[in-house]
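Each remark here refers to the structure printed beneath this line.
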Amino acid sequence: MELSDVRCLTGSEELYTIHPTPPAGDGRSASRPQRLLWQTAVRHITEQRFIHGHRGGSGSGSGGSGKASDPAGGGPNHHAPQLSGDSALPLYSLGPGERAHSTCGTKVFPERSGSGSASGSGGGGDLGFLHLDCAPSNSDFFLNGGYSYRGVIFPTLRNSFKSRDLERLYQRYFLGQRRKSEVVMNVLDVLTKLTLLVLHLSLASAPMDPLKGILLGFFTGIEVVICALVVVRKDTTSHTYLQYSGVVTWVAMTTQILAAGLGYGLLGDGIGYVLFTLFATYSMLPLPLTWAILAGLGTSLLQVILQVVIPRLAVISINQVVAQAVLFMCMNTAGIFISYLSDRAQRQAFLETRRCVEARLRLETENQRQERLVLSVLPRFVVLEMINDMTNVEDEHLQHQFHRIYIHRYENVSILFADVKGFTNLSTTLSAQELVRMLNELFARFDRLAHEHHCLRIKILGDCYYCVSGLPEPRQDHAHCCVEMGLSMIKTIRYVRSRTKHDVDMRIGIHSGSVLCGVLGLRKWQFDVWSWDVDIANKLESGGIPGRIHISKATLDCLNGDYNVEEGHGKERNEFLRKHNIETYLIKQPEDSLLSLPEDIVKESVSSSDRRNSGATFTEGSWSPELPFDNIVGKQNTLAALTRNSINLLPNHLAQALHVQSGPEEINKRIEHTIDLRSGDKLRREHIKPFSLMFKDSSLEHKYSQMRDEVFKSNLVCAFIVLLFITAIQSLLPSSRVMPMTIQFSILIMLHSALVLITTAEDYKCLPLILRKTCCWINETYLARNVIIFASILINFLGAILNILWCDFDKSIPLKNLTFNSSAVFTDICSYPEYFVFTGVLAMVTCAVFLRLNSVLKLAVLLIMIAIYALLTETVYAGLFLRYDNLNHSGEDFLGTKEVSLLLMAMFLLAVFYHGQQLEYTARLDFLWRVQAKEEINEMKELREHNENMLRNILPSHVARHFLEKDRDNEELYSQSYDAVGVMFASIPGFADFYSQTEMNNQGVECLRLLNEIIADFDELLGEDRFQDIEKIKTIGSTYMAVSGLSPEKQQCEDKWGHLCALADFSLALTESIQEINKHSFNNFELRIGISHGSVVAGVIGAKKPQYDIWGKTVNLASRMDSTGVSGRIQVPEETYLILKDQGFAFDYRGEIYVKGISEQEGKIKTYFLLGRVQPNPFILPPRRLPGQYSLAAVVLGLVQSLNRQRQKQLLNENNNTGIIKGHYNRRTLLSPSGTEPGAQAEGTDKSDLP
């Protein structure tokens, strides 16, 4: 059995993955893909690396990789929000070369090499919500993360952050705690002095020297003044003054030591006070570690020099001086460990706070990106209506069953259709990049004109552009707006023609009436309009004249005679207009007006010779169109148009900001705000009990108690070092019984060595397996760790006190009858009973060494120690102290050694307990921040899943990666040419006859409901494995457009036409699907499908509403194969037939047909009807449905719920005095500042559930 079976993984083979557990009760989510499109793009989207809410380490050094555990038990099957699981989170970060371990197989650690981009098991990907390549470890923040060996961390002098701003914020973050510690230390010292004064006046054998009283009052006054200054300046954010006040406090205490050495102290020779000063310097004064070390060494050296130069004892020996030096060295060593590891813990807590703040900021950024993506699909008024309906939906899992369509009916609108004449020829002469650039600039210009003329762009269909006026805000002049829009479009296209020398023009049709608008289907959502009037506007365009605006009688009636018109004769050019007897007219516009440039066009700065290039643009110098998705995934994450007129969906009032900066500056600002909130200890009052510091939530307390203590080994090694110092101190003093003392300390050292061995065994493969298993269990078990800690403290305590048992003092003699010969020279250790107390103090400091030991347990242990010492010094061995006092302080105004010793221990008890309380509070606050950060990160993960759904429904995956993964500072528009692509159009000819706008079918809404079901079924077919190479492009009314072979992998695949076969299979599957729908809807719809293949140009155009589309002869031919086809049949041209017939498909020859736009140059086209497959494709697996798609309503619902949670947290964090959490986003929160509705109430809104 390998060691990896015993303890957690270490080394480069580790993989840090978090597999999100599907929500309970949601069967569909179990199969949802875990891989997100944002996986490799997070760093580029947010301009900084993703700082996760978990531990990361550095993989350097021979000691192993620096690693740490998952914050709240994030094992492989852990679901963070419930804080379930058995793994635990570490309290401290690990520096370079450090090593951390976990339970046997229960934890997974981060790997710095970053393999998160690999695909996970099950084919779904393993991203979870972290990507380690962009996740800096804690060591990335530190100048020096410390040195570790075999899991034991040793202090270093420099323990600061690399960033000055981060260091400044850290100092401010713990400013309040350090201020409080300094005040408590000074108050404790003042109380000690007052207690000494009272005891001295009541118990001293001689009156107090007046100079002692003056010095006592002076130093007490200094400390009171320091406390007052620190308290008065509590609002100061600078930590420098606090450090200087700490230096002043240290100087005052050291001066008192000097006074004691000169004979003017109340604590005898002052050794005990030196120990307290050293402990306070390292653990309670706000001094950097380097300053504390210098101060500690200075204090120790001063005391040793005073003992040598001005001896205060009757008998002084070199051994005694060395013992004092060793005593001070021990306290300095323990203090350095305590100070370094405490500061490390506080820095870790600060980093966790920073991670929490950054997670919240990223969540807000994800909210904004979600909103932008939604608004790129839907107009604002539709989003408002959906949010208003969803605002009270609280069921977390309802979004997975939420299938509502939102159809709005608007009366009195005008619809404009515009088509670029000559575009087909243009697409054959321009390169892909040039074509997409021209279209983007042209349609960006149209979008700008639409805004100026109060029109809403609906959709771009290849080279067709259509918009509506009077939607959503009703306008009396909607027809005028559309006519002016059309005139501006004609001016613009003629300007383009003059600049590019290409024969292009606009054919425009306008009709007035009513529309239904909304979004249908589950994939490639696009806002669209439907109605009989929309069809008429479309036919007016197709039956129009290039360069003229073709309008209907309904539109003419709305114009009120403001424009000159002439007969349009549309019936002569369009069968639909003739069949329905629609009168048409042409707007008469002076030719010179049409030839003039649009008013907003200024002279370009480019020369005409440059413009004659085939790649030339026509954009003027003062304006250039935005790139698609710049306002969504661009580096300047500016707020979307949400902030204008409007919706304050963003948490923490981010909508008031000009930019959302996710860089360090914004995070630091947020941390400053968090510091202000934290200063009120609100979090502590809400979650932590006052004295015990236990969590009020028992499950949270259990989770905290199960945390792995990453510095437990370091604490135990430090305790062992303290034992060695205790042994050295007592060995330096002479003993009459050397052998018993040798045996005693040998046993204690062996026992403590065994404790160290058993807790570090997992790092030594040479040790027995059972020992390594035991080691792993101890390190992961709260109770076992506490047993080891208590055993270590007990051993040190026994080492400090057992030597008193070997004293030769006759205990049978009553103390009151004792007489002492002051001239006698004692060379036995019992002659120095104060060292039993001093080493006992070191044993008490051992409690402070164990940073994670519960402060209440520390208090209990310390009280037991003091009780035992009180029992020994006041009763059994009181004579030792009396004899010592008579020998060294006879006749002086000196308080008894045993009284001073108990007071010294009481000082240490209070100091160690308070220090333990501060550390535990920091650790528990750290834990709370981590839990909160992890919850918010999981919320961000959910939002990213929604965003991935949104993005996947706007762009194909490989195109989305293009926009997310690359540095697009100077990047051109996305465009790509393909040589071997399959294109399919599938329409439902009978749906036009089925569609009617009557009261019975809710003015056409019920007809659209059925169309939504049909499109949704088609979309779900794309979720099958066999159709993974097919991309839906769009729906055009009741026509479904799909393409195969767009992914780069398929272009280089050996099976060049495998995707075309899949497209043919897909068309056959569509016919089967429509038959199933007919059975349930009692209809007889038939599909008319056209398929073609060849070269196309693909690209993304439009900045505010980006659209992915394809252009070229192949697209036109596929569309004509549909429009010239036969209901219930699949028509393909001869070239496509020649490929598919060899792939197992059967065909029926139709004959030669005339195809508009192609037959003019190439003659009639031979076409065939696809009948089906003759033989199955051996490479096609049985149909397996991939995870289902969510409706747009479901995605918006997820966004609303996330925003509600953020709003509730915000109000809680801000401690709203109203006591009422209004956490829901309703229609009022989404109104403009003036309080008016942003649009007219939609009529006929349908919100009933789909079957």
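Any Cβ shown, glycine's included, is placed from N, Cα and C.
Among the features that Swiss-Prot reports, region 'Involved in AKAP5 and PRKAR2A interaction' is placed at 1-109, with the record citing similarity to another entry.
Taken from Swiss-Prot, the feature topological domain 'Cytoplasmic' covers 1-182 (among others), and the record attributes it to sequence analysis.
Residues annotated as omega-N-methylarginine in Swiss-Prot, with similarity to another entry given as evidence: ARG55.
Annotation source Swiss-Prot lists transmembrane segment at 183-203 (among others). Non-local neighbours of the transmembrane segment (183-203) in the same chain are 213, 216, 219-220, 223-224, 226-227, 230-231, 249, 253, 266-267, 280, 284-285, 893, 895-896, 899-900, 903, 907, 910-911, 914; each lies 6+ residues outside the stretch with a CB under 8 Å from one of its CB atoms.
Look at Swiss-Prot and you will find 212-232 (among others) tagged as transmembrane segment, backed by sequence analysis.
The transmembrane segment feature in Swiss-Prot is assigned to 247-267 (among others); the stated evidence is sequence analysis.
Per Swiss-Prot, transmembrane segment is recorded for 274-294 (among others).
Per Swiss-Prot, transmembrane segment is recorded for 296-316 (among others), and the stated evidence type is sequence analysis.
Taken from Swiss-Prot, the feature transmembrane segment applies to 321-341 (among others). Long-range Cβ contacts of the transmembrane segment (321-341) within its own chain (Cβ-Cβ under 8 Å, at least 6 residues beyond either end) map to 92, 146, 153, 155-156, 159, 271, 274-275, 278-279, 281-283, 289, 292-293, 296-297, 299-300, 303-304, 307-308, 711, 714-715, 718, 721-722, 725-726, 728-729, 732-733, 835, 838-839, 842, 845-846, 848-849, 851, 915.
Taken from Swiss-Prot, the feature topological domain 'Cytoplasmic' applies to 342-715 (among others). Summarising model confidence by region, the topological domain 'Cytoplasmic' (342-715) averages a pLDDT of 74.
As annotated by Swiss-Prot, Mg(2+) 1 binding site applies to ASP419, ASP463. Taking a C-beta cut-off of under 8 angstroms and a sequence separation of 6 or more, ASP463 (Mg(2+) 1 binding site) has the following same-chain neighbours: ASP419, VAL420, PHE423, LEU439, TRP1111.
The feature phosphoserine is assigned by Swiss-Prot to SER614 (among others).
Look at Swiss-Prot and you will find SER624 (among others) tagged as phosphoserine, backed by similarity to another entry.
Taken from Swiss-Prot, the feature transmembrane segment covers 716-736 (among others). Long-range neighbours of the transmembrane segment (716-736) within the same chain, counting only residues 6 or more positions beyond its ends whose Cβ lies under 8 Å from a Cβ of the stretch, are 152, 319-320, 322-323, 326-327, 329-330, 333-334, 337, 745, 748-749, 752-753, 755-756, 759, 788-789, 792-793, 795-796, 799-800, 803, 806, 808, 827-829, 832, 835, 838-839, 842-843, 845-846, 849-850.
Panel annotation: around the transmembrane segment (738-758), residues 713, 716-717, 719-720, 723-724, 727, 730-731, 771, 774-775, 778, 788, 791-792, 795-796, 798-799, 802-803, 806 of the same chain, lying at least six beyond its termini, place a Cβ under 8 Å from a Cβ of the stretch. Under the heading transmembrane segment, Swiss-Prot lists 738-758 (among others), citing sequence analysis as support.
Per Swiss-Prot, the feature transmembrane segment maps to 787-807 (among others).
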Who are the chain neighbours of the transmembrane segment (894-914) in space, where the CB to CB distance is under 8 Å and they lie at least 6 residues beyond its ends?
181, 184-185, 188, 192, 195-196, 199-200, 203-206, 266-268, 272-273, 275-276, 279-280, 283-284, 833-834, 837, 840-841, 844-845, 847-848, 855, 858-859, 862-863, 865-866, 869-870, 873-874, 878, 881-882, 884-885
Counting across all protein chains present, how many other Cβ atoms fall within 10 Å of the Cβ of ASP419 (Mg(2+) 1 binding site)?
21
According to DSSP, which kind of secondary structure is ASP463 (Mg(2+) 1 binding site) found in, if we only use helix, strand and coil?
coil
